[in-house]
Structures are given as structure tokens and as C-alpha cells.
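Notes for the one structure printed next.
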């Protein structure tokens, strides 16, 4: 297989970490092979979608046999570049930010929060979950264009001004947990995660589209 990564749909790309996590669990349990139906039941993605997702990468399985767990795990580790650590900076060491620092993506081998920023003098100079907390005034000095990803858990009113500073420091991706909708250059990728909206959506679907028991 060529070392060049195939171009795949963004929806497929978002599901790859889900597949990878389940395969890691299968491998840990000693399972040698898995069918698309078993994968479907575990990750709640229909079998046809799984087979289509996998088809973008060529022949990963055999009809009637399923997929070799070790092979798939190795393949997705390379595809997701699990052996290369991406360093992340977190902004806003409140309740949510603190939770992120204590968790620090312990189930992921390829992402790690290495520094955090806040304006609260009582937090500056401390460490949370082993991660040093710096004053926001030190942003440019500390980032120096070396950190590609930022997580924002700051107040919404501060999000855009902070984003503008991050762009000048070479940030390529932002995971935005604020309600603010950020304006960024076209080469910057932003994923918005509004927990309040997600909760409202869940309640709406529970009320209006109940699942059969």
C-alpha cells in the first residue's frame, strides 16, 4: 500500500478514532477477528457505513471472515499517526478546563496538553494534572509557533480576541467550548462544541422522537 494517505470524506475521518478505540479494547481482550456487524453493535454505526468507511483504504477484510483485529489496529494506528504526539495548549482553567487537565486525554497516545493559560493570579504558577498554568500575558512567549492545537474554555466575550492572538502564533486547530462563533482565516480549522446546545438537542429528541423500548 502506498504511504500517501487516501483522501477520505470528513464524516469518515471523524469516525476513525471511534473505530480505533474499540479495536484497542478488542485487542486487549485477546480477540483476533471481528465482523462489521460486531463493530456496528459496539460503535453504533450501521454495518454498511463501516464497510464503506473501510473501503476507502482498500481491502482491509475478507468476505466471510471479517477483519483481523491486529491488522486493523496497526493500520489505524498509522493512519491516525498514533505514534506522533501532538502538543495542545488549553486556555481557561475553570471547572471544565481543570477537568481537561486532570484527564489530559489519557486514553489517547497522540494528544497531550502541555501548557495551560489563565488570568486568575491564584491559578497562575500552579500545576493542574501535572500541566503548568501560565498567565495569559505570556501566550506569545510560551507558544512561539510550536503548538498546533488550542482548547478554549474561556468566557465567550474573551474568545475572539484570544483566537486572534492564537492565529498569529501559528495555531492550526481550535477546539472551542465557548458559545462564541469564531472568525478565523480559511486555513484554521475550528470545531465548536457547545454543551448547552447538545443538552438542549438531547432533551428535544427525547421528548419528540422517543426510541422504542
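Backbone N, Cα and C define each Cβ position, glycine as well.
Record features, source Swiss-Prot:
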DNA_BIND  18-57  DNA-binding region
BINDING   92, 93, 94, 95, 96, 97  NAD(+) binding site
Neighbour count (Cβ, 10 Å) for residue 96 (NAD(+) binding site): 16
CB within-chain contacts under 8 A for residue 92 (NAD(+) binding site), separation at least 6: 117, 118, 152, 153, 154, 155
Cβ neighbours within the same chain of residue 97 (NAD(+) binding site) - under 8 Å, at least six residues apart: 90, 91, 116, 118, 151, 153
Sparsest-packed among the binding-site residues, when each Cβ's other Cβ atoms within 10 Å are tallied, from 93, 94, 95: 95
Other residues, Cβ within 8 Å of 92, 93, 94, 95, 96, 97 Cβ centroid (NAD(+) site): 98, 99, 100, 118, 153
Overall pLDDT of the DNA-binding region (18-57), taken as the mean: 87
DSSP-derived structure type at residue 93 (NAD(+) binding site), helix or strand or else coil: coil
